[in-house]
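Asker: Supplied in structure tokens, the structure appears directly below.
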Amino acid sequence: MDSVAHAAVISSSKLSYGGRVSFNKDKNPPLRSSVVSLRNWRGPSRNLGVLAAQIGNKEIDFSDPDWKTNYQRDFERRFNIPHITDIFPDADPIPSTFCLKMRTPIMEDFAGGYPSDEEWHGYINNNDRVLLKVIHYSSPTSAGAECIDPNCTWVEQWVHRAGPREKIYFKPEEVKAAIVTCGGLCPGLNDVIRQIVITLEIYGVKKIVGIPFGYRGFSDEGLSEMPLSRKVVQNVHLSGGSLLGVSRGGPSVSDIVDSMEERGINMLFVLGGNGTHAGANAIHDECRRRRMRVAVVGVPKTIDNDILMMDKTFGFDTAVEEAQRAINSAYIEAHSAYHGIGIVKLMGRNSGFIAMHASLASGQIDICLIPEVPFHLHGPLGVLRHLKFLIETKGSAVLCVAEGAGQNFLGRTNATDASGNTVLGDFGVHIQQETKKYFKEIGIHADVKYIDPTYMIRACRANASDGILCTVLGQNAVHGAFAGYSGITVGICNTHYVYFPIPEVISYPRAVDPNSRMWHRCLTSTGQPDFV
């Protein structure tokens, strides 16, 4: 099986990383990142010439004493977040209408002017930054090392801190805000919708609408926008799903922006994953091209936790928690049967975070299979041979597999869904069938049970941890829009909330590093060997 783990490639003259990373063709997509894992790098050979790196379209020579300064300058350029003044340099800010010292509703006509309380120290300074990386690796051979150069030189990388600003660039009475949820269901969607609406109302916005069923709602004549208010969303977080509905795909970017112009929408909040954010960034670019004074802000929704640079995305904690029910059921079934084997398939198209964390949390998993780590099913080092060992020594076994694992064992198709995602084969069913076949062939009885809780997990309401995350993400999305930022997404980075430019977080899916401490912890828990 081909590995899908990402690794830097050292050539005879160049270390490619960051904006341009060399890979074995047909195995991995090109990466764009500020760092790469150099865990397999053991230093330059004696024949290696000038060591250099490709960042974006610029090549940096590590022998240049100023390479670090050049790198930081390029990083600051890439992570500079777009602002309304980029297109409208004469745009004048006004005092923020968001002040928690004032609890009474803002007057509808703002006859008394905009509130201003210089003594309230709850605003974020535009120059506040959050450190992107907090571990200083001393060697590229350290577990999970992410290094910029072969010496793991420490380079500070700062991103913009999220939160309310003292000056805003939209008058609340002139704002028409829209919220759209795209892609699949995910725990916490209603929590984010609710908090966006509540925060908008605190700013003084009266015109808030929901676009039904994803981007489709901008073009389908049979779908009407849904008026939203605190009264409408007050209790929506108590149930799963999306108040607005979800769908994949939709009209062209031009048609969406045409619809926004017709409706008078000048704030758009987009909840979705990588594909949805790519669409949001395209909408932002089109609005800029047309010189529209619009703020487009994303809130990353991916239950797989596969958005770059963020600690986690909403829905992930709930998914890991709900997966415990399925794993425990599989364990009880396997433990109670003669030679029982329980198989649980969890979500994770390209990234095995749910399977890894759920396995680690349960303490009941014997084998965890994820897309990033290669494995054999058959042969002396295969998964099935280890299952035989577990049956002989323990009497039962439990497997946890991510949906994207083992795709090379299945017949590949060119089919894609409406979002452009490759339609995966069902590896959970495949390994169930192969397990039954294997034990039948070797003449050992095995009672195999298979559980797929995917849609049960997606439809859950958010747990307490995700509820907090969704609340803060929703609030900060509104703060970012009123501050005049657009083409951004909000996330949590090293426990702090930040704004990222959308292109930097969607260039490729975040994946489990097979050399990370968390994967090593999972292996320590399961006790599984390498299956290669």
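The backbone N, Cα and C atoms fix where each Cβ goes, glycine too.
Remember, TrEMBL labels are computer predictions, not curated facts.
Found this in TrEMBL, in case it helps:
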| type | residues | note |
| --- | --- | --- |
| DOMAIN | 177-479 | domain 'Phosphofructokinase' |
| BINDING | G184, R248, G249, G273, N274, G275, T276 | ATP binding site |
| BINDING | N274 | Mg(2+) binding site |
| SITE | G275 | site 'Important for substrate specificity' |
| BINDING | T302, I303, D304, M347, G348, R349, E403, Y455, M456, I457, R458 | substrate binding site |
| ACT_SITE | D304 | active site, proton acceptor |
Asker: Rounded to a whole angstrom, what is the C-alpha distance between R248 (ATP binding site) and T302 (substrate binding site)?
Answerer: 14
Asker: To the nearest whole angstrom, state the Cα distance for the pair G249 (ATP binding site) and G348 (substrate binding site).
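Answerer: About 20 Å separate the Cα atoms of these two residues.
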Asker: Minimum Cβ neighbour count within 10 Å among the binding-site residues G184, G249, G275, G348: which residue?
Answerer: G249
Asker: If we check Cα distances from G184 (ATP binding site), which of the binding-site residues G348, E403, M456, R458 wins as closest?
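Answerer: In terms of Cα distance, G184 (ATP binding site) lies closest to R458.
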Asker: Between all pairs in G184, R248, G249, G273, N274, G275, T276 (listed as ATP binders), what's the biggest Cα distance, rounded to the nearest Å?
Answerer: 13
Asker: Taking 10 A as the limit, how many CB atoms besides its own sit near the CB of D304 (substrate binding site)?
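Answerer: For D304 (substrate binding site), the 10 Å Cβ neighbour count is 28.
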Asker: What are the sequence-distant neighbours of T302 (substrate binding site), meaning same chain, six or more residues apart, C-beta distance under 8 angstroms?
Answerer: C186, G273, N274, T313, G315, F316
Asker: When you look at T302, I303, D304, M347, G348, R349, E403, Y455, M456, I457, R458, which the record names as binding substrate, what is the longest CA to CA distance in angstrom?
Answerer: 17
Asker: Give me the Cα-Cα distance between T276 (ATP binding site) and D304 (substrate binding site), rounded to a whole Å.
Answerer: 15
Asker: Measuring Cα to Cα, tell me the gap between G275 (ATP binding site) and D304 (substrate binding site) in whole angstrom.
Answerer: 14
